[in-house]
Amino acid sequence: DVVETQEHYKSRWRSIWIMYLTMFLSSVGFSIVIMSVWPYLQKIDPTADASFLGWIIASYSIGQMVASPLFGLWSNYRPRREPLIISTAISVAANCLYAYVHVPHSHNKYYMLTARALVGFGAGNVAVVRSYIAGATSLTERTSAMANTSACQAVGFILGPVFQTCFTLIGEEGVTWKFLCLQLNMYTTPVLFGALLGVINIILIFAIFREHRVDDMGRQYKSINSDGEGSDVLDQNTEGSIDHVAVVALNILFFVILFVFAVFETIATPLTMDMYSWTRKEAVFYNGIILSVIGIESVIVFMVVKTLSKKTGERAILHAGLLIVLVGFFILLPWGKKLPNIQWQEIKNNSIPRTAPSEMLAPFWSLPELQLPSNHTAEPVGCPVTQSWCLNTPMIYLAQYISSDVLIGLGYPVCNVMSYTLYSKVLGPKPQGVYMGWLTASGSGARILGPVFVSQIYTHLGPRWAFSLICGVVVVSLLLLEIVYKRLIAFSVRYGRMQE
């Protein structure tokens, strides 16, 4: 056995901290614009509708889904610094492109689509980050390290909307630098800030990051993609096949977890604009505050989970997390009688009376013509009449929305860190780059289908159908967890080299 030196230990954890930072910046790159994509899209290209918003959000995940297995494979055979630097550079360039999507005279929405897809492609380095941390930590360190990684990701999701909220003070017009054809406003400044953070990340990877690897017991050895010192002590410990049933099950569960969270993220701005008659700026500002508070809750959950998992185990906590998410979406179903306000501009001086549902059956053209209220704004607010469900679906009260946010903000981080931890333990000491790439790709697939699903179902059928279907998906995932529960054990435990 090779005893780890103090110098090796410090270098190993400095490199892990650089991976934490990379994960943080990856999530900032996603969340720093998530609340403003819809109003910015409406501003630069009026032809874009809510359905296209789903594709904009999904494009990030399409890029990540394609890149993750590629970067994971790359990291298995070459120094990880290479895919990390290349991927971050792609994200920096894509953020700069996003800041210029207003310049073309037409097809602006497609330029935005391309920019977000490239940012997502760069975010494929998440697979490299997770595989490195899995290989650079012992089994006893793994849950804590994965929780810290997810906490850094959550902090990125917190600070992204916070940055966006702060940048709303610049306003929609902002400052224009004509010699650069650049508008610095509440939509472009956040992505340029994200590009700056990416440059800093590249510098730190060059200066500090080093390759390290240890086995499940914490013994160091030489990695195949490392030029550093170490010993090959793992020949007998890598023997044995991976439980692919458990691997596939965890990929499916992770897909569901990311799917429901993507739905939650995507629908926040359109839902609040429809239900509470918020303007574009108000929706970005208020949702930024709400999601920031929920993000702080998530970080606290990550810290608690590290201690709690030692007493109850990761599987039980994953089960509890899924139950909490189920309750969160169940609460979000519309139950009352009050209907949302209808956009005045859409109905052209016709008012939809808030009366009994039977009266709503009257044809639209027979409704009485009324004048616009004196306090109406140039920007239409409320639920657009083009969404036919607005005329008969009860509104979701703000208390319901916030309660759902709190529960999902509690359940999602629990499920996220436990699924990653169980996955890395099931895989064992073998190189995990490709497997982590597939897990990240499954999560990215969920981020693709989630926004598209909710934008289509929500637009055409309304929140009742959308959230009911989500509840059904979570119930199925709970049944799957019960079926594979006993198989979700660490590789070394499965082959009797360590006790659970």
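Cβ atoms here come from the backbone N, Cα and C positions, even for glycine.
Copied over from TrEMBL, here are the features:
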DOMAIN    15-489  domain 'Major facilitator superfamily (MFS) profile'
TRANSMEM  17-40  transmembrane segment
TRANSMEM  52-72  transmembrane segment
TRANSMEM  84-101  transmembrane segment
TRANSMEM  113-133  transmembrane segment
TRANSMEM  154-171  transmembrane segment
TRANSMEM  191-209  transmembrane segment
TRANSMEM  245-264  transmembrane segment
TRANSMEM  284-305  transmembrane segment
TRANSMEM  317-336  transmembrane segment
TRANSMEM  401-423  transmembrane segment
TRANSMEM  435-459  transmembrane segment
TRANSMEM  465-485  transmembrane segment
Overall pLDDT for the domain 'Major facilitator superfamily (MFS) profile' (15-489), taken as the rounded mean: 79
The transmembrane segment (113-133) in contact with the transmembrane segment (84-101), cutoff 8 A, at least 3 CB pairs, sep 6+: yes
Spatial neighbours of the transmembrane segment (154-171) far in sequence, C-beta under 8 Å, 6+ residues away: 23-36, 184-186, 189-190, 193, 281, 284-285, 287-289, 291-292, 295-296, 298-299, 302, 413
Recorded stretches the transmembrane segment (401-423) and the transmembrane segment (17-40) touching, at least 3 CB pairs under 8 Å: no
Same-chain residue ranges lying at least 6 outside the transmembrane segment (191-209) that approach it to Cβ under 8 Å: 14-15, 18-19, 21-22, 25, 28-29, 32-33, 80-81, 84-85, 88-89, 91-92, 95-96, 98-99, 163, 167, 184
